[in-house]
Amino acid sequence: MTAAGGGFGATLLDSGVTRFRLWAPTAPAGLALEVEGHAPIALRPGADGFVQADVDCPPGARYHYRLDADTVMPDPASRLQDGDVHGDSIVVAPDAYPWRHPDWRGLPWEQSVLYETHAGLEGGYAQLEARLPALAALGVTLLELMPIADFPGPRNWGYDGVLPYAPDTAYGTPEELKRLIDTAHGLGMGVMLDVVYNHFGPDGNYLARYAAPFFRKDAHTPWGDAIDFRQPAVSQFFKDNAVYWLTEYRFDGLRLDAVHAIVGHRWLHELAAEVRRRVPAERRVHLVLENDDNRASLLCGDYDAQWNDDAHHVLHHLLTGETQGYYADYADRPAEALARCLSEGWLYQGQPSPYRGGEPRGEPSADLPPTAFVLFLQNHDQTGNRAFGERLTSLVDEPARLRAAVALQLLAPQIPLIFMGEEHGSRTPFLYFTSHADPALAQAVRDGRRREFARFAQFAGADAARRLPDPNDPATWLASHAEPGDDARQWLETYTALLQLRARLIAPRLAGAVSLGASAVGRHGVFARWRLADGARLEVYANLGPRRLPLPQALLPGADLYATLLFESLAGGRDGLARGELCGDTTVWLLEEPA
């Protein structure tokens, strides 16, 4: 029995022996392995800074490494922890779970409807498994879990993980996680995992004590020294991790967090190549990026898609009128910005960003397919990194306008992502939460949040800063559960109807779909069209403002009025087109079948 990534951590060998292998190029002389039931074990030095030992111990055995008389540490490639990030690691049998759907091969990327959720807020893996039939009925085809790598304490977004191979036990057991994925596969749904390869969390990371070359001193990220992917062992540690989640747990894809913070993008190409080489070719495995740099070159074969922050930001501005922070880059001629996002993917394709001090941002993206972009109205970042975590249901004062935006998002050829609770019109906030046991670290997080928002006028004073929710307070976590809104039934009906239309009439035609251009209509309106794979023409007229907008002569529907009406977010929207106007707070979708 050999686990994926057998080069790191504890690997069960066919002989019944467990091999423990650690990259420790700067370890103190007294480094030792301690396994329950055994005396301390000396580690044999190997090549390139590795040390290892073979021990007769079964699955379930607890172990740790001793750095010195006062310090023990978990295995950085621990597959399971006994307790928290400072506790013992546990030897795991990788193939013990009896998969019920071993022949699942996944779905084409073009059929993806993503649903981002937090396993802890769902109640854990078992409770989330019970929700899967409802998500399948909604139209979700790819469940996306926020990071689950072991983090300090029971409450965390997941981006403070320090043990990338160990699913956090606050959410359940590895068997429950595998059963969640297995059950999803039985329902025709994939599961994607958000992974963090750009930094480690602040609590429980011992690497600098025994593997100093893991980090660079000449490059830094917002979280400290940059990870040194030039080191072969470091590079392989994360490549093996990606393959581990995709093979041992059978996740259907990975979303890579904030890859703009990975110094040197060559490694990202190498990672994608390694995944494609080591995961069986018959499986449809999807790789998605979050990348503030808008690097289109990464989407030309290596990665399936990138989260489209540009489209989110302009839509958010149109819906709320907000112009603070990075929204300032999208407040000038927002309809033109939205038209470019719908037709070409990103707004910023190399032009200077005022918010970033005039620095050029992005690469040309017009040649990429629409499915190379993940389109969302909300996600964990854009909601939770607000001071009070407000959802759009609380920020948009006209429900019809939000409904029009949802209709635009869910039927557009870009890949839609729904954030937990949107389908029920949730009004409860999604806040930033942690559970650091170290009081100094908890205070540092509070102070960091206050500094982050101090540049906004409404939080400039000390009294205003004190109103910010405390991330470490359990009440902040409790407040973040996505409770259905008062109009939950109407929202669920809207989401379900739109996703049924997408699955039946749009998704099967997206492979090979191309943009036919888009145009602004006034300050709040947009018209866009695409040619689908079979030659059908998909068109949208959307107005995210309250006033009726006259349509320019070039955009009058004309013969398009004989196309099929797919959806109008408000009754009378298509009739308005016939009169030559775009009704306020309305989206109209038309489909013209090929001749």
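Using the three backbone atoms N, Cα and C, a Cβ is placed for every residue, glycine included.
Unlike curated entries, TrEMBL annotations are predicted automatically.
What TrEMBL records for Asp257 is active site, nucleophile. Marked as active site, proton donor by TrEMBL: Glu290. The substrate binding site annotation in TrEMBL covers 255-260, 309-313, 380-385. The domain 'Glycosyl hydrolase family 13 catalytic' annotation in TrEMBL covers 91-466. What TrEMBL lists as site 'Transition state stabilizer' is Asp381.
In the three-state DSSP classification, Glu290 (active site, proton donor) falls within coil.
When the Cα atoms are compared, Gly384 (substrate binding site) and Asp257 (active site, nucleophile) turn out to be 15 Å apart. Cα of Arg255 (substrate binding site) to Cα of Glu290 (active site, proton donor): a distance of 7 Å. In the three-state DSSP assignment, the secondary structure recorded for Arg255 (substrate binding site) is strand. Candidate binding-site residues: Ala258, His312, Asp381. Nearest to the residue listed as 'active site, proton donor' by Cα distance: Ala258. A 10 Å cutoff on Cβ-Cβ distances gives Arg255 (substrate binding site) a total of 25 other Cβ atoms nearby, all chains included.
Non-local neighbourhood of Asp309 (substrate binding site): Asp292, each in the same chain, at least six residues away, with C-beta under 8 Å from its C-beta. Within 10 Å of the C-beta of the residue listed as 'active site, nucleophile' we count 22 further C-beta atoms, all protein chains included. Over the domain 'Glycosyl hydrolase family 13 catalytic' (91-466), the average per-residue pLDDT in this prediction is 96. You'll find the Cα of His312 (substrate binding site) roughly 17 Å from the Cα of Asp257 (active site, nucleophile). All protein chains considered, the CB of Asp381 (substrate binding site) has 20 other CB atoms within 10 Å. Taking only the Cα positions, the spacing between Asp381 (substrate binding site) and Asp257 (active site, nucleophile) is 11 angstrom.
Under the DSSP three-state reduction, Gly384 (substrate binding site) is assigned to helix. Using a 10 Å Cβ-Cβ cutoff, His312 (substrate binding site) registers 22 neighbours. Note: Ala258 (substrate binding site) has non-local neighbours Val196, Asn198, Glu290, Asn291, Asp292, i.e. same-chain residues 6+ apart with C-beta under 8 A of its own C-beta. According to DSSP, Asp309 (substrate binding site) is assigned to a helical segment.
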